[in-house]
Amino acid sequence: MCVHARRGFLYDWGLVTVDTTVTVRVPAKVNLQLAVGPGREDGFHDLVNVFHAVSLFDEVTVREAGPRSGRPDGSTSPDGGTLLAGLTADGGSASHLSRVPLDSSNLAAGAAELLGRETGRGRPVRIHLDKNIPVAGGMAGGSADAAAALVACDRLWGTGLGRGDLLRLAAELGSDVAFPLLGGTAVGRGRGEILEPVDSPGRYRWVFALSPHGLSTGAVFAEYDRLRPDAPAPELSTALRDALAAADPAALGRALANDLQEAALSLLPELERTLKTGSAAGALGALVSGSGPTCAFLVGGGDEDASAVAGREAAVVAALEASGLCEQIVRADGDVPGTVVL
Ligand SMILES: C[C@@](CO)(OP(=O)(O)O)[C@H](O)COP(=O)(O)OP(=O)(O)OC[C@H]1O[C@@H](n2ccc(N)nc2=O)[C@H](O)[C@@H]1O
Ligand SMILES: Nc1ncnc2c1ncn2[C@@H]1O[C@H](COP(=O)(O)OP(=O)(O)O)[C@@H](O)[C@H]1O
């Protein structure tokens, strides 16, 4: 995470200098392994979810919007009203942006509300999202924005929560919200929110094929239940763990695995052609990212010669472009750190 703070005078009654604008940069994720167990009574599934943060970033800016009426210090009561004074978004394609809600249902707004409610120190804010992470693409863009908004509001309001409290609040907001606070490569258990870093000294190069379509995470899990009614308990792949520890890109490519892929392909069959196109062009590994529909191609890393990686990357990008199947093709490195205040 990268947080960017500008300093200024807070309103007209005080001479205290405080941050009035904070920007936080936050990465997307790809799932190197997504093992999905049977459905739980609470509607979720137990997972072994190996998250890997990649250099595709959203930036979330929060700005003071002025004091709430009736409370001279601008603070909110723990149960009091909405803190969202406005929400705007830009970046990415028009079709992706049109799927971003600009009201209190936005996950970034939900994060601000939760932090304000928990601490009683929330103030009205305007939130701006600079979106580069595909929307409803299986790269956790909404969750990333929620994590970034938590960090930004924590800084803006001076709530000073520690990492443990932020991780707890993140887990309340969604299964994928805690990981972007950490970044790197980590395994998530439970519904994905119980995180443990994974030994991964290597750096990898990725190509992502963005789809013109979105897939609903809930719909993909429901399709998984239909296709795999007897799913076993999820387990961490030893092949994946060993490949990461050895920084071996070829072994990592072979070990990539996603239990939700069959369900995503069932809902959007054209994804199979996308995966085959990148694999035939020489990708070391190919899989649907999380619940999809973004497809991820590993094109090199570790101590491989840079020109070999570049050649593979160019071949994969050219084949995907020629296929006409993708809305956009983006390149990224992983892993990268989590949220940063700019
Ligand atoms: C599948 C994954 C893989 O990282 O992400 P995406 O690929 O969508 O980004 C995650 O598990 C998604 O996490 P997130 O997007 O935060 O999901 P949530 O808001 O918590 O849940 C949305 C819905 O997905 C289903 N869900 C989610 C997580 C989980 N462990 N079991 C589930 O069954 C539930 O139907 C839930 O109502
Ligand atoms: N800040 C946000 N950015 C993107 N989508 C959001 C956001 N807040 C809420 N959403 C909603 O969440 C849905 C899932 O978005 P996203 O997190 O990008 O996908 P995924 O879960 O596949 O990674 C979107 O279709 C959108 O309706």
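Backbone N, Cα and C atoms are what each Cβ position is placed from, and that goes for glycine too.
Keep in mind it's a predicted model, so treat the numbers as computed, not measured.
Under the heading active site, TrEMBL lists Lys29 (among others). Remark: Lys29 (active site) has Phe51, His52, Ala53, Val54, Met139, Ala140, Ala144, Asp176, Phe179, Pro180, Ser289, Gly290 as non-local neighbours, by Cβ distance under 8 Å and separation of at least 6 in sequence.
If you look up TrEMBL, you'll see 64-85 marked as region 'Disordered'.
Summarising the annotation, TrEMBL assigns domain 'GHMP kinase N-terminal' to 106-184.
Gly142 (ATP binding site): 26 other CB atoms within 10 A of its CB, across all protein chains. The feature ATP binding site is assigned by TrEMBL to Pro134, Val135, Ala136, Gly137, Gly138, Met139, Ala140, Gly141, Gly142, Ser143, Ala144.
The active site annotation in TrEMBL covers Asp176 (among others). The Cβ neighbour count for Asp176 (active site), using a 10 Å radius over every protein chain in view, is 30.
As annotated by TrEMBL, domain 'GHMP kinase C-terminal' applies to 241-303. Regional average pLDDT for the domain 'GHMP kinase C-terminal' (241-303) in the model is 98.
Compute the center of the Cβ atoms of Pro134, Val135, Ala136, Gly137, Gly138, Met139, Ala140, Gly141, Gly142, Ser143, Ala144, which mark the site for ATP; besides them, the chain residues with Cβ within 8 Å of that center are Ala28, Ile133. Sorting each residue of the domain 'GHMP kinase C-terminal' (241-303) by its DSSP state yields 31 helix, 13 strand, 19 coil. Here the binding-site residues are Ala136, Ala140, Ala144, and the one ringed by the most other CB atoms within 10 angstroms is Ala144. Note: the domain 'GHMP kinase N-terminal' (106-184) comprises 44 helix, 7 strand, 28 coil (DSSP; helix = H, G, I, strand = E, B).
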